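Structure first, commentary second.
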Amino acid sequence: MLGLGTLARKIFGTPNDRKVKSVRSLVARINDLEPEFQALSDEGIKQKTAEFQRRVQEGGESLDDLLPEAFANCREGARRALGLRAFDVQLMGGIFLHQGNIAEMKTGEGKTLVATFPAYLNALAGKGVHVVTVNDYLAKRDAEWMGKVYAQLGLATGVVYPFQSDEEKKAAYAADITYATNNELGFDYLRDNMKASKEEMRQRGHFFAIVDEVDSILIDEARTPLIISGPSQDRSDLYTKVDKLIPELVEEHYKLDEKTRNVTFTEEGNEFLEKRLLETGLLPEGQSLYDPESTTIVHHVNQGLRAHKLFNRDQQYIVRDDEIMLIDEFTGRMMRGRRLSDGLHQAIEAKEGVSIQPENVTLASVTFQNYFRLYEKLGGMTGTAATEAEEFMEIYGLGVVEVPTNRPVARADEHDAVYRTAREKHDGIVASIKDAHERGQPILVGTTSIDKSEALSDLLKSAGIPHNVLNARQHEQEAQIVADAGKLGAVTIATNMAGRGTDIQLGGNVEMKVMQALAADPAAHPDEVRARIEAEHAEEKERVKEAGGLFVLGTERHESRRIDNQLRGRSGRQGDPGRSAFFLSLEDDLMRIFGSDRLDKVLSTLGMKEGEAIVHPWVNKSLEKAQAKVEARNFDIRKQLLKFDDVMNDQRKAIFSQRLEIMETEDLSEIAQDMRYQVIDDLIDQHMPPRSYADQWDIEGMHRAVQDKLGLDAPLAKWAQEEGVDQDVVRERLCEASDRQMTEKAEAFGPETMRSIEKQILLQTIDAKWREHLLTLEHLRSVVGFRGYAQRDPLSEYKTEAFALFESMLNSLRQDVTQKLAQVRPLSEEEQQAMMRQFLDQQRAAAAAEAPVAPAPQPAAAAPQPTPELVGAEAGEPDPAAWGNVARNDPCPCGSGLKYKHCHGRLD
């Protein structure tokens with residue numbers, strides 16, 4: 001008998017069915033327009049793009065109204081540029097992306113081509129579209145490949161990757177459609193908000209982003225903040241000394257919680273540690289671990305414990321070229337340039353005996369959650385999103401739509417096989433691989449870590465089974481290994497295949513084979529080579545199909561069902577046959593941590609023999625329940641982290657917005673004046689409290705403060721003795737005196753130079769104060785959780801204190817800006833010449849030693865500038881004739897620190 005829910009779905013359809021049905025009329029309209037666009041010339045297609053741009057940008061037509069025509073034009077452009085005609089389901093995927101949804105499309109359904117449709121349509125608005133990929137290789141590959149489509153349509157394509165110059169990045173972001181990784185987009189956003197002028201900024205706004213592998217970026221990476229950091233003090237010696245103590249610990253000294261990935265010292269551990277720290281001199285005599293002075297050493301010891309007990313070589317990281325390289329637990333890739341914060345990376349470096357890099361201080365940070373919420377519209381693609389649909393909707397406002405496959409999935413998904421021990425499981429895996437290999441069926445074996453992939457590789461070597469291994473160590477050969485994975489009888493062991501970005505094609509990859517053949521014989525005719533290889537490939541593909549297609553064998557369940565589904569999804573692409581199965585044991589991490597005791601009792605009751613496996617739907621359901629619990633817990637953690645980060649995000653947006661306003665404003669004298677007046681108000685409130693008499697005022701303290709903050713020697717004692725002088729009179733006189741002082745400075749510097757100085761000082765001070773504030777918030781966040789023990793809500797406490805700290809930072813900012821502007825003064829000609837001589841001496845000494853040239857000393861009035869290039873100038877009077885052509889916005893070669901146009905290049 002059918003349940004009520006099942007019956008309702010059969011009658012009314014699922015919500016997903018209704019969404020798919022709702023766009024069928026649009027797809028039909030696009031199909032109806034196809035002959036019209038096929039009749040256009042190549043130039044006619046480009047002219048259509050120009051027409052669409054006018055209709056949107058000048059005529060005010062909506063993108064939704066333009067969608068059928070734009071998609072029809074894009075489909076024809078792709079057909080001519082790539083020889084690919086988009087299927088109806090690909091058009092559906094494109095429509096859902098344009099509508100701001102996540103399109104769940106199975107592997108091999110052509111997601112890369114799907115992205116071109118909404119990217120083209122939204123690029124017509126002229127605000128730029130970002131297509132986001134998970135790594136630089138895919139960004140470059142997709143930009144080059146799909147760039148042919150956009151070029152056919154008359155649009156420009158850009159690609160952003162690390163180590164480009166500012167000009168290259170600006171050009172890439174100025175293109176109609178820009179391909180980039182999530183990391184580089186986030187870092188460029190932070191870098192832009194550290195620039196000194198708007199002209200230097202690279203990004204031009206956040207209009208529409210299409211995120212490939214959206215679940216990997218917006219969920220798996222959501223807890224990882226992007227941090228731009230600078231070096232702080234070097235404490236590598238302390239890490240090394242602490243690391244020597246950790247191996248002395250025994251199990252009674254610490255408590256390890258694998259579920260939450262946390263480790264803490266027990267009371268016995270603290271006592272042992274205190275004793276050893278005193279013996280080694282790391283803790284001064286008479287001081288205990290619980291004293292406030294011991295905070296630093298306790299922090300180092302805790303990080304050392306985490307490095308040893310939570311981070312394992314070849315699982316969470318590998319050692320390469322005297323460096324610790326982190327490994328992405330979801331994709332198995334190395335994360336170059338990524339470091340753990342708070343001294344944990346240094347603790348791992350000490351553990352492995354590699355060079356310890358200095359700790360860093362945060363200069364700017366943002367999480368992916370908050371970065372991608374900057375976009376006016378967001379869309380995403382993935383093969384697996386349904387299990388996280390609630391999180392996508394709650395945090396990002398993104399609906400998930402499962403797009404039908406072009407052909408029905410023919411893959412057979414088998415129930416999990418569960419063994420008692422890991423040894424029995426491995427025997428079963430090797431036997432299964434051997435059987436499939438002998439039948440010619442290609443096999444992809446998924447493992448969860450490098451060490452497990454290499455252990456399985458050793459077992460296959462012993463069994464005499466040829467195979468390839470794909471993990472972070474072999475990432476350079478990734479494309480070749482994946483291309484070969486679908487060949488007859490191929491055996492490929494891979495760490496998590498999520499986000500690999502390359503389809504495993506039955507019979508191997510034709511394009512890769514053609515490239516290799518042409519590289520081996522450059523004289524061969526490309527068309528003949530392709531025809532021969534395509535014929536061979538078709539024959540091999542049929543043999544692979546007869547053998548059962550690609551067999552995906554998972555050796556362990558991941559905490560996330562989504563990662564397991566991604567592994568399964570590598571098989572059965574475009575209606576190909578395939579098979580998937582997971583071989584598990586009660587010793588696997590997920591089974592061990594999340595309650596294998598009950599299952600162990602069941603297996604014992606059944607009286608299973610050595611080497612036998614239990615295969616039953618009940619086992620699958622139990623595992624999926626355990627995975628769902630882990631996913632729910634991780635979702636709660638991400639939600640809670642987002643609530644905390646939202647507090648900082650509001651402050652970040654306020655600071656970045658203020659910074660942008662300062663960069664865009666030519667004359668900041670009013671802002672500087674408002675700050676000055678506020679500082680005067682604060683000083684009066686502090687030293688001359690309201691409703692107090694003159695004889696109660698702190699005249700001496702006020703005089704010192706006015707000299708320090710305003711640079712004024714005001715006769716406050718004399719004013720206080722005058723009849724009728726109150727706080728308002730003092731305020732008015734100080735404001736007038738400070739205004740006169742700033743007017744005189746502007747005359748001495750010249751108005752244009754003074755405005756430039758005000759801007760530089762404001763931006764430099766904001767950046768410095770924001771850096772300090774980030775550090776303070778980090779410390780607050782690390783301790784505010786303890787307020788829960790006092791029955792106080794940590795989040796409410798964090799919000800209250802973070803707001804108070806923000807106000808305090810703004811107050812400090814006003815004081816520092818006012819003080820710096822009060823102290824700034826023009827350099828005399830003698831001082832400029834002295835600085836010039838000093839710089840030339842340094843340059844000659846550096847040239848003689850073949851060492852880098854030290855930067856020129858900077859006057860107090862100027863921001864640090866790049867080292868000026870001097871051509872043939874001698875010590876003494878600067879000789880402009882010897883400087884060659886100097887750009888007007890470059891630093892003046894005389895060493896004044898001013899721009900050339902404001903100094904020796906002035907047109908007066």
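Yeah, the Cβs are placed from backbone N, Cα and C, and that goes for glycine too.
Note that this is a predicted model, so its numbers are computed, not measured.
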(message) Suppose you had to name the range Swiss-Prot annotates as region 'Disordered'; which of 66-104, 105-143, 846-884 would you pick?
(response) 846-884
(message) Based on Swiss-Prot, name the residue from Asp503, Asp521, Asp527 that is recorded for the same ATP site as Gln90, Gly108, Glu109, Gly110, Lys111, Thr112.
(response) Asp503
(message) Centre the Cβ atoms of Gln90, Gly108, Glu109, Gly110, Lys111, Thr112, Asp503, go out 8 Å, and tell me which other residues of that chain have a Cβ in range of the ATP site.
(response) Met105, Thr107, Leu113, Val114
(message) With DSSP assignments reduced to helix, strand and coil, which class does Thr112 (ATP binding site) get?
(response) helix
(message) If I restrict to non-local contacts, at least six residues apart, and a C-beta distance under 8 angstroms, what lies near Asp503 (ATP binding site) in its own chain?
(response) Thr107, Gly108, Arg573
(request) Give the number of CB atoms, excluding that of Gln90 (ATP binding site) itself, located within 10 Å of its CB. (result) 26
(request) Around the Cβ of Lys111 (ATP binding site), how many other Cβ atoms lie within 10 Å? Please give the count over every shown protein chain. (result) 23
(message) Counting other Cβ atoms within 10 Å of each residue's Cβ, which of the binding-site residues Gly108, Gly110 comes out lowest?
(response) Gly110
(request) Write out the long-range same-chain contacts of Glu109 (ATP binding site), meaning residues 6 or more apart in sequence whose Cβ is under 8 Å from its Cβ. (result) Val89, Gln90, Gly93, Val403, Thr405, Asn406, Arg573, Gln574
(message) Applying a 10 Å Cβ distance cut-off over all chains shown, what neighbour count does Thr112 (ATP binding site) have?
(response) 18
